Structure formats: C-alpha cells, structure tokens
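Heads up: the structure comes next, in structure tokens.
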Amino acid sequence: MSRIDWLVFNRIGSRIAVTVLVFYGLIALVESLDTWRFNYVAENNGLPMALLMVAVSGARWTIKTLPVTVLLGAILGLIELRGRHELTVIKSSGISIWRIVRAPVIGLILASLAISLGAETFTTQVNRQLNPTPPGEATLLTPPGEIWLEQRNGDLHYVMMATAMRESGSVLNEVTVFILSEAEQNRIEAKEARLENGNWVFPMATARSVQGAPQHIANFTLPTSSTAAELNLKLSSTEDMTFFELAALLQAGVSDPAIQAAATMRLIKLLALPLVLTGSLLIAFAFTAGYRRSDKYGPAVLYGVVLGFVVFVITEMADRAGSGGVLDPTFAAIGPALVAIVIGVTVLLFKEDGRV
C-alpha cells in the first residue's frame, strides 16, 4: 500500500477502534448491572470467572453492534481527514474516491474475518461454560432467562421451567414443575434439581396441590426418560456454538427443521459479517466524504447514522426471521448486507458523477 493508503487506513481504523472500545465499555457496564447473574456465576465459579463472564458477554454484544460502531467510527475518521484538509489534498491530486476507500475496505474485511473465526469462537466457548444461552431465547421463542423442558416417563407427563442451568442441563436452578398427568401434586417448586440415574432429584421441594396445603419434601424425585446426552442436545443453543461446530453440525445433517434453520442462519451470518461492515463503511463514505463548501457536517452525519441504524434493525429482523425459519437463511443473512453495499455505492456514484 502507498503512503496515502496508510494515512487513510490509520485515520479511519483508529477512530473505528476507539468507537468500538467506547461502546464495549458501555455494554460491559450494563452487563455488570445484572447482579443476579453475576452473583450466580461468582458463587459457582468464583469472582474471577464472574468478571470474565461480564467481559465476554460485553464482547459478544459489541460484535453484534459492529455495523453501527463501524459506521460511527468511519464518519469520525473522515471528518478528521477533512478537518486536517488531508482528504481535500488527496482528492485534488486526482485520486478517485474508489482508490481512497480501497485500503479501509481491505483492512475491514480482514479484521471482520478474524472476528468471525477467532474472537467469536473464543467468546462463544467461554460464554457456553459460564453463562449458556437458554434454548429458544435467541429466536424469541421463550422469555429471556427461562428454560422450558417437557418430560415424560410412562404415564407421567410434566413440564419443567428453570431460570438457570449447569453441567449441560443436568443441574437446573429455581425450578418449577407443572404436573400435566393425574398425580397428588399439581406443582413442584425447588431451588435446584439434579438429573441422577433416570430421576430428577430435588434436595428440598415444595409440593402444591389444589386439595391441600403446601408440603415441604426432602429429596423429592420425579422419574424421567431423558438422559444427560439428550438434555445436552435439547438445551443447546446455536448462539453457544462456534463457527466450526456449526459447520460440522450442518455437514453431519440435522433432522429438526428449527435447529437446521437456526444453525444455518448463524453460520451464514458469521460469513456475511465482512459484507455487512463493508456496507457500513461505504455508507459512511457516501454521506461524509463528498465535497462541501462549508464545514457543517451535521445533516450528513445525521443521515448516515439514521441509515446505519435502519440497516442494523433490518439485519436483526432478518436474523430473527431466518433463525425462526420464516425466511431462507441465506437470503436473510446476505440480503441486508447487499442492500447496505448497494446504498453506499449508489450514493457515492451519484455524488461523484451526478446524474447520468
């Protein structure tokens, strides 16, 4: 790369990095305010692991907000280039906007690939051990913080609801059991339930019935036909699977359409991250890098930020639809990215060449 490429790359890249770090700090602060989850992880894994959980959770949310943070950082970098009159000198020398945008786009594509295959893999593995995502929460099929399990054993039929799980689902916390078949108890409440030898064991349970007062029972058990391996599969979320695990899962074949749609959507979304971030960068160039007689960037910056948030919202909506099987996962993952790129390129062409 030439010195001009390095100059543009360093200016824009440094501002994007600062913006991402600022958002990461804010997100990590918000994550730390979830005291119940923090205390739960600290009690079971220690204070250092709880702090690591907050840091990793903040990193995962920061990765999700990259389309917006890249847009804001690129706008700040371009404004600095214009404020120092560096962009004016570069363009007056006859270098086209497409030559200027080349280095940042290449750098952003390489960085986004590293994030998709490296950073996302690390944060997913750590989060899976300390704070696994409940099944269904990623696609909004269940309320946040709730885990639902339907269990059977012969004529016994019941549904379990828990707020947290450990050991791949073999240990559930804050459990409520709703008995659907005929039994003496209608509802069971307990702080903890453990899967042991084909039974759910409740060290201390409260049994409630419409026919009498609540009863406190020690070492209460409910038989189940589920094994630890089956629970691990049922309670796994595609949000807690790395890129390579998703690829191996889809290559082996998935019979459940819901799991297949969610896994395919997440896999293609990780692959499409370079396209999404490239679209955000092109939008920043389109609304900020054009020639101006004055130094007022307010309207242009506002238009770019609003359009960036619109693209982000569309991307998240498409993610929900693709994960739920409403839209084709490939279309849902790549469509918004291509729309962002087309918008950025179209506006740049119009500002550089005008109407044709």
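Using the three backbone atoms N, Cα and C, a Cβ is placed for every residue, glycine included.
Residues or ranges marked as transmembrane segment by TrEMBL: 12-30, 50-79, 100-119, 267-288, 300-318, 330-350.
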Residues from the same chain, set at least six apart from the ends of the transmembrane segment (330-350), whose C-beta lies under 8 A from its own: 67, 97, 264-265, 268-269, 271-272, 275-276, 278-287, 289, 307, 311, 314-315, 318-319, 321-322
Does the chain bring the transmembrane segment (300-318) near the transmembrane segment (50-79), so that three or more CB pairs sit under 8 Å (pairs 6 or more apart in sequence)? yes
Here the stretch out of 12-30, 50-79, 100-119 with the most C-beta pairs under 8 Å to the transmembrane segment (267-288) is 50-79
